[in-house]
Amino acid sequence: MNGRTLFFRRLFDYYKYQFKVLHAVIDWTVALYIVLPAIAFVIYQYIDLMNGRGLLYEWSEVAEWRWLYAVCVLIMFTGSIRTFLMEADKVFLLQKKEIIYQLKRYALLYSFLATLAKWLLLFFIVLPLISHSVLITFAESTALLCYLFGLHIFFLSLKQDRIRKPRSISRWIGDTLVRAILFAGSAILIVFTERHLLALFGILFLFFSVIRSLKKTASFTAFEAEVTEEKKSRLALAGLVMMMSQEAGMPKVKDRMRRKPLLYRNSKRIFKRRTICTGYKELFFKVMLRNGEYARQMYMLLSAFTVLIFVSPIWLKVIALLVYTGVCRYILTLIFDKVMDAPFLIGTDKESDEYYRARKSCINILHYAFAACCFLAAAVSLLFT
């Protein structure tokens with residue numbers, strides 16, 4: 001067995017597992033009454049948009065090119081450098097290191113091709129829609145595609161560093177500043193730079209990122225972190241499905257490195273008054289602060305609706321705000337119930353007044369906070385309309 005055979009075997013197993021997850025959720029009734037009508041609706045709206053009519057055409061005329069840049073920014077946050085490593089591979093590192101190295105190189109090539117496929121799909125779907133309104137030529141759009149693809153690969157190479165190194169507040173702030181500078185600089189380059197220079201920047205980003213990624217691939221010092229990240233990538237779709245289910249749950253893929261919480265260390269109390277109600281509330285808030293998955297879910301939901309609000313016309317902003325307030329409260333309810341379903345809380349009385357009072361209070365506090373952020377984004381977006 002060589003690295004190429006091992007790669008294709010694990011790639012097939014990966015997609016087979018994802019297909020089983022989708023098959024478990026989408027049976028023939030769901031496909032017949034929900035999925036197929038949704039696909040037909042999207043195709044119908046796309047044809048109307050191509051012909052210059054329909055609801056989406058009016059929305060795109062108001063939003064102009066801002067919605068496209070928002071979509072590009074969201075794509076930048078997706079993807080990762082795959083390795084297809086497993087915990088059992090550590091046994092072969094001493095004797096068959098070359099096979100693991102070949103596996104990681106093929107996985108790196110697959111990650112680049114998957115990223116390129118995303119941008120090509122967006123390119124061929126969006127180009128016919130904006131060519132008549134933005135007045136962009138095929139050569140200019142190709143240069144833009146080259147730049148965005150190179151920038152995305154550069155972000156993926158930076159994500160490799162975050163996986164290998166322990167997380168900290170200073171590192172998170174630095175990474176956020178780098179992303180903000182690159183996004184702002186990209187907007188300036190896209191608007192004011194000629195297509196040849198824009199394509200050159202994209203090629204430089206791609207060349208630099210490939211060299212960095214190849215060096216990281218040849219190293220085995222972060223084997224445990226890469227295995228953990230691979231588990232998260234494999235379970236991402238299943239976790240998205242299970243997040244909406246109260247009866248089912250996904251096992252959390254934990255990092256082996258022990259980290260101290262940033263807030264309320266050493267079990268420091270949040271509430272001075274100790275009652276059954278405050279005990280439930282303190283448990284829930286500490287889990288929300290220390291469990292990155294729950295915080296990430298709420299952050300992704302808020303980010304998606306914030307972008308939608310910024311690029312939408314006024315009437316669609318109102319609809320987005322109403323939808324977000326309902327979805328946010330529903331997800332917070334699911335999270336609270338999952339937290340309280342922990343094994344050490346089996347003997348607690350979940351039918352008591354204190355439990356329901358704490359449940360309502362916790363959900364209301366976070367719901368009002370997230371809704372306020374969304375309303376603030378809507379107010380700021382009105383300044384640019």
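Keep in mind that glycine also has a Cβ here, set from the backbone N, Cα and C atoms.
These figures come from a predicted structure and were not determined experimentally.
Per Swiss-Prot, these features apply:
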{"type": "TRANSMEM", "residues": "24-44", "note": "transmembrane segment"}
{"type": "TRANSMEM", "residues": "67-87", "note": "transmembrane segment"}
{"type": "TRANSMEM", "residues": "106-128", "note": "transmembrane segment"}
{"type": "TRANSMEM", "residues": "133-155", "note": "transmembrane segment"}
{"type": "TRANSMEM", "residues": "176-193", "note": "transmembrane segment"}
{"type": "TRANSMEM", "residues": "197-214", "note": "transmembrane segment"}
{"type": "TRANSMEM", "residues": "304-324", "note": "transmembrane segment"}
{"type": "TRANSMEM", "residues": "365-385", "note": "transmembrane segment"}
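Spatially, the transmembrane segment (133-155) is not adjacent to the transmembrane segment (304-324); fewer than three Cβ-Cβ distances between them are under 8 Å for residues at least 6 apart in sequence. Between the transmembrane segment (106-128) and the listed ranges 67-87, 176-193, 197-214, 304-324, 365-385, the one holding the most Cβ pairs under 8 Å is 67-87.
Most Cβ pairs under 8 A with the transmembrane segment (67-87) among the ranges 176-193, 197-214, 304-324, 365-385 are made by 304-324. Ranked by number of Cβ pairs under 8 Å to the transmembrane segment (365-385), the listed stretches 176-193, 197-214, 304-324 are led by 304-324.
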